[in-house]
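Over in Swiss-Prot, the protein carries these features:
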BINDING   His80, Asp112, Glu169  Zn(2+) 1 binding site
ACT_SITE  Asp82  active site
BINDING   Asp112, Glu145, His355  Zn(2+) 2 binding site
ACT_SITE  Glu144  active site
Amino acid sequence: MKNKLPPFIEIYRALIATPSISATEEALDQSNADLITLLADWFKDLGFNVEVQPVPGTRNKFNMLASCGQGAGGLLLAGHTDTVPFDDGRWTRDPFTLTEHDGKLYGLGTADMKGFFAFILDALRDVDVTKLAKPLYILATADEETSMAGARYFAETTALRPDCAIIGEPTSLQPVRAHKGHISNAIRIQGQSGHSSDPARGVNAIELMHDAIGHILQLRDNLKERYHYDAFTVPYPTLNLGHIHGGDASNRICACCELHMDIRPLPGMTLNELNGLLNDALAPVSERWPGRLTVDELHPPIPGYECPPNHQLVEVVEKLLGAKTEVVNYCTEAPFIQTLCPTLVLGPGSINQAHQPDEYLETRFIKPTRELITQVIHHFCWH
């Protein structure tokens with residue numbers, strides 16, 4: 001029953017008070033089960049059917065799909081339930097206590113992005129879901145901040161094909177229709193150790209890596225020359241060498257050297273294409289030194305994403321907001337949801353507050369966000 005739903009600020013408070021940290025380090029990683037239970041109960045109270053989906057390969061993580069209405073198409077509103085870890089020494093407030101001060105709501109996940117679910121629930125108070133002409137879906141995912149396992153698994157397994165989707169990441173209510181992807185690899189070279197007084201008796205992994213880096217930097221130049229997307233502030237794929245380590249003593253021939261690098265591909269560039277380009281770039285080293293060079297993923301890759309600029313979703317949202325869609329450099333779950341239907345990234349709060357101590361969402365977003373959610377539900381589910 002709708003009258004069982006708590007007030008907006010109490011929903012928000014309960015979401016923030018329920019820890020759901022995602023981390024690659026097991027000691028910091030937390031299940032999102034309690035948060036999923038909260039959301040599931042509230043959407044059931046609103047008359048939605050709720051499905052909770054365990055996500056394989058995670059530490060007790062779940063997706064939730066709440067659905068209402070019959071037929072094909074409809075609207076999907078999506079977001080992730082997890083947050084990043086927090087640095088206790090840098091927060092001046094309790095991260096798990098929603099605190100309002102000077103026009104800001106403070107707490108871990110206020111902007112990125114538990115708050116979006118509070119806005120959805122609050123907007124649905126005034127929607128008679130029994131009269132929907134098309135279905136409305138609410139998706140809450142797991143592990144966006146690490147592997148994006150929840151969105152990946154949902155996209156791989158669902159039969160849903162909504163007309164369109166909105167992911168409520170903090171975009172300051174500016175609609176986003178494209179972003180770059182992210183690929184992070186470890187280049188590892190296995191040499192042969194020996195005493196530095198006789199270099200011919202060993203294979204110096206640092207020297208081989210020096211050769212490999214030269215080819216990687218040539219790839220960086222080729223990416224810049226070959227691929228362009230003028231809407232981005234950096235209108236080409238970037239390649240960064242971020243970390244390198246090799247050897248353990250000045251008088252030993254280095255046996256192992258490891259380089260960590262990332263590529264930020266443009267929308268439309270496939271992961272297979274990028275892997276092929278990297279392997280081709282490193283082929284001269286691999287051919288000269290068989291079996292000594294390997295390339296491994298550091299994290300699951302995220303492809304670039306783009307919603308067709310002429311899609312009805314873009315036209316409707318631009319008209320409602322009086323703002324043109326944008327492109328951004330950070331990554332979201334949009335590439336995976338986009339495999340199901342045209343998708344925009346659009347939500348309250350600023351990305352500048354995400355992953356920061358004393359994270360907050362400005363209260364000025366409350367009214368326009370509620371209005372926007374109501375409007376898109378009416379447009380895509382009532383007509």
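A Cβ is built for glycine as well, from the same backbone N, Cα and C atoms used for every other residue.
Overlay of Swiss-Prot feature records on the structure.
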residue : record                : Cβ contacts under 8 Å, 6 or more apart
His80   : Zn(2+) 1 binding site : Met113, Ala140, Thr141, Ala142, Asp143, Glu144, Glu145, Gly150, Ala151, Glu333
Asp82   : active site           : Ser20, Ile21, Ser22, Asn32, Lys61, Ala142, Asp143, Glu144, Glu145, Thr146
Asp112  : Zn(2+) 1 binding site : Thr83, Val84, Glu169, Pro170, Gly349, Ile351, Gln353, Ala354, His355, Glu359
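Secondary structure at Asp112 (Zn(2+) 1 binding site), taken from DSSP and collapsed to helix, strand or coil, is coil. Most buried of the recorded positions Glu144, Glu145, His355, judged by other Cβ atoms within 10 Å, is Glu144. A strand conformation is recorded for His80 (Zn(2+) 1 binding site) in the three-state DSSP classification. Other than His80, Asp112, Glu169, the residues of this chain whose Cβ falls within 8 Å of the Cβ centroid of the Zn(2+) 1 site are, in sequence order, Gly79, Met113, Phe116, Glu144, Glu145, Ile167, Gly168, Pro170, Thr332, Gly347, Ala354.
Using the Cβ center of Asp112, Glu145, His355 for Zn(2+) 2, the list of other same-chain residues with Cβ within 8 Å runs, in sequence order, Thr83, Val84, Met113, Ala354.
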